[in-house]
Amino acid sequence: MIAIIGAGKMGEALLAGMLAKGHAPEDVLVTEPREEHAAELRRRHGVGTVGAAEAAKRAETLLLALKPQDMPALLDEISPHMSADRLVISVAAGITTAVLERHLPAGVPVVRAMPNTPALMGQGMTAVSGGAHAGPEHLDRAEELLASVGEVIRVGEQHMDTVTAISGSGPAYFYFIAETMIEAGVAMGMPRATAQKLVGQTVTGAAAMLTGSGEHPVVLREAVTSPGGTTAAALRELERHGVRTAFTDAIEAARDRSSALSGE
Ligand SMILES: NC(=O)C1=CN([C@@H]2O[C@H](COP(=O)(O)OP(=O)(O)OC[C@H]3O[C@@H](n4cnc5c(N)ncnc54)[C@H](O)[C@@H]3O)[C@@H](O)[C@H]2O)C=CC1
Ligand SMILES: O=C(O)[C@@H]1CCC=N1
């Protein structure tokens, strides 16, 4: 039995992605304190909803997807029901395995994971990192579970705040660019639906080139940039406005925020 504790945006994306990949709803319990949302989850996904203590008693694997700020209280609530034969996987930004371990009985294996919302479409990117009591079998279990909703890599925990800033928050950066491109088209008089179609397929195509061609993005970008042409004119404006530096600073700010959320 798997329990998902906290089924907001990320928890529900993981839930829906897992069910779409063949996990049986009877094998998943969900804890969600917003009663109206819990009823929606039961209706939409056919899963049972229970309190956190009940979920902790019944599930072998607990997937914690609450806000980092809510995590210590939740850990204290489930702690009496935890033992070394359970596996706790946390997707909370910034919360280190050391913090998780401090709130749980000695020996409970914990895995820190950082997924992203494309998990909903089976296209997630998750990095995982094991705590002091997580053996290879625990990392395998976490990886197997998260691989049902996309790709999984293992990283040293020192990289987890950077992972959070790059792939955890990353989809939002691309949506921001897509939104800007659509609005630019609309501002130039194009119907919104046309702009949305052009941008959507361009993002899909660019992503396919990036992951499928094995080429570095610079090579792909140069192939689009005809001498004296439109792309060169656009890229000059992006550089003039410092967009590269802005992106680097943004990712550093996300990394620093992740690190601050640990509360350490
Ligand atoms: N949204 C995203 O793209 C990603 C989020 N995360 C992490 O996932 C966690 C959740 O983030 P979101 O889903 O964006 O936030 P959210 O606010 O949509 O979801 C949090 C959920 O936890 C529930 N909750 C609050 N207290 C609870 C308790 N005591 N027991 C059980 N559930 C409780 C809330 O009702 C809510 O549904 C955060 O720790 C975040 O860092 C990680 C990767 C990506
Ligand atoms: O914005 C956040 O804090 C979470 C973590 C990564 C993506 N969303």
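Just so you know, glycine gets a Cβ as well, placed from its N, Cα and C.
Feature annotations, reproduced from TrEMBL:
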- 2-94: domain 'Pyrroline-5-carboxylate reductase catalytic N-terminal' (DOMAIN)
- ILE5, GLY6, ALA7, GLY8, LYS9, MET10, ALA65, LEU66, LYS67, PRO68: NADP(+) binding site (BINDING)
- 157-260: domain 'Pyrroline-5-carboxylate reductase dimerisation' (DOMAIN)
Looking only at ILE5, GLY6, ALA7, GLY8, LYS9, MET10, ALA65, LEU66, LYS67, PRO68, the residues listed as binding NADP(+), what is the longest Cα to Cα distance in Å?
14
Neighbour count (Cβ, 10 Å) for LYS67 (NADP(+) binding site):
14
Go ahead and report the DSSP secondary structure tallies for the domain 'Pyrroline-5-carboxylate reductase dimerisation' (157-260): helix first, then strand, then coil.
88 helix, 0 strand, 16 coil
